[in-house]
Amino acid sequence: MVFSSNVFLFLFLPIFLGLYYLSGQRYRNLLLLIASYIFYAWWRIDFLALFAGVTLWNYWIGLKVGAAGVRSKPAQRWLLLGVAIDLGILGYFKYANFGVDSLNAIMHSFGLEPFILTHVLLPIGISFYIFESISYIIDVYRGDTPATRNLIDFAAFVAIFPHLIAGPVLRFRDLADQFNNRTHTLDKFSEGATRFMQGFIKKVFIADTLAVVADHCFALQHPTTGDAWLGALAYTAQLYFDFSGYSDMAIGLGLMMGFRFMENFKQPYISQSITEFWRRWHISLSTWLRDYLYITLGGNRKGTLITYRNLFLTMLLGGLWHGANLTYIVWGAWHGMWLAIEKALGINTSPRRFNPIRWALTFLLVIMGWVIFRAENLHVAARMYGAMFSFGEWSLSELNRASLTGLQVATLVLAYATLAFFGLRDFYSKPPAPKATPADGPATAQPDLTQGAALTRFNPPGLIKAAPGEVASSIHEPGYSVGQEAQVQPAYWVADWPRYVMRALVLLLFIASILKLSAQSFSPFLYFQF
């Protein structure tokens, strides 16, 4: 089951929310767990046993690590056992096919008989729930969170369906209190519903339209320079609107249930360095790689050359995490190389001024990375690069001109206009991110969800006062906080008319997106393959 499907929108979600708010606070976590297992089993019920088994395993390991003592030798042994089993499960299901195929290719070159392995099916979401489980037992070992004895809460954390399939990558230490003390207000529900609709529009209205363009361009056997650049630009926008759309929907669903997840995207295409890009792109993953891989490798504490090595290895393994294909490994190496180069050159990764040249160079490097990320294999990537930089025929091929529609062109223009507007607004309306700390890696600054001025334009009407210190994030501006109480002033409803216009536009586009979805019934997300 996916968010962008009729069965989720018109069957699963209404029934779940109705039962959720009718049940008492005491039973909501259990109901959430049951609903999440149903959500997961809708795809394949047989992999539900694996999912539950991984959950029980890490719950038990967490108790053993916690009982052994923070950073003690016995705790370290339990931790290593837990991580080894987790990575073994991930490795088998995600990389067994790739490993056997690679080994067979080598054996074939020597005239040896190949191994026979039944094709291993990849359980959906396994990369995310394995990473979240590993972060939990590491946090218990480090003393960042106590080992929980509440199996229902822990299982609900691992399985909570809004983020289960494609993130954000959550951490138990950030959500433990919310499982017991989250608030449910009309303000928060309204904010979540709007955020969900925004993500749905991004996915169905923009990403799905651009997907047709990108797929066609990458499938051409003899693309022109124009074909290759059109495909690269279409995929660059498609991937952002697809994945950030899923994250918006996940965050919105969480808000509708009283949870507040971390932000996952922060206008990444406005970045002026690859380091800044990784502060803004897939923030939950980049900070996970920093905290649990880069720092474990030694971070920048063991000398300059080791720092460069650690940056490169972190991104190389991050690329491998995305999939068992050489294209992902090369993509990770590409980003790791530029992170190390920027570190070596001492490039300012927190610029206070917008430099068009630096931005253009960074955006070009990102696009080049996305080409190999999208390509089915290295041969397709080489074909696209060859066409892009041959600077030959800039006009589109006849096949492309015949298939390209006015709606697709308009959507591509709208996508980049939206990226430019909100990216520049984000850059000029907020202070720059803090510079890297000594332990920083690929993501050099975690998003701060409690900084900013009082939210006025996008805060839902204060029909119910926000709880003291309640944090509110807008559609495009995460990180603004409400004061001690969100009071409705007499002129509020009049002065805040732009927000109502925007909400009305979001609603209209959401309805249009539902109508578009009804023609296809199902719209898979790109990140489901990971």
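Any Cβ shown, glycine's included, is placed from N, Cα and C.
The shown structure was predicted, so the numbers you read here are calculated from the model rather than taken from an experiment.
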Which one of these stretches, 6-23, 78-95, 204-221, shows up in TrEMBL as transmembrane segment?
78-95
Are there residues at least six beyond either end of the transmembrane segment (78-95) with Cβ under 8 Å to its Cβ atoms? List them, or say none.
50, 54, 57-58, 61-62, 64-65, 68, 120-123, 126-127, 130, 133-134, 137-138, 141, 323-324
Cβ under 8 Å, sequence separation of at least 6 from the ends of the transmembrane segment (150-170): give me the contacting residues as numbers and ranges.
2, 29-30, 32-33, 35-37, 39-40, 51-52, 54-56, 58-59, 62, 124-125, 128-129, 131-133, 135-136, 176, 179-180, 243, 246-247, 249-251, 253-254, 257, 259, 261-264, 282-285, 288, 525, 527-528, 530
Counting only residues 6 or more past its boundaries, what in the same chain has a CB within less than 8 Å of a CB in the transmembrane segment (500-519)?
4-6, 9, 194, 197-198, 200-201, 203-205, 208, 475
Surrounding residues of the transmembrane segment (243-262) on its own chain - C-beta under 8 Å, 6+ positions past either end:
3, 13, 17, 20, 28, 32, 160-163, 165-168, 170, 174-175, 178, 182-184, 188-189, 191-203, 206-207, 282-284, 446-447, 449, 471, 473, 475, 525-527
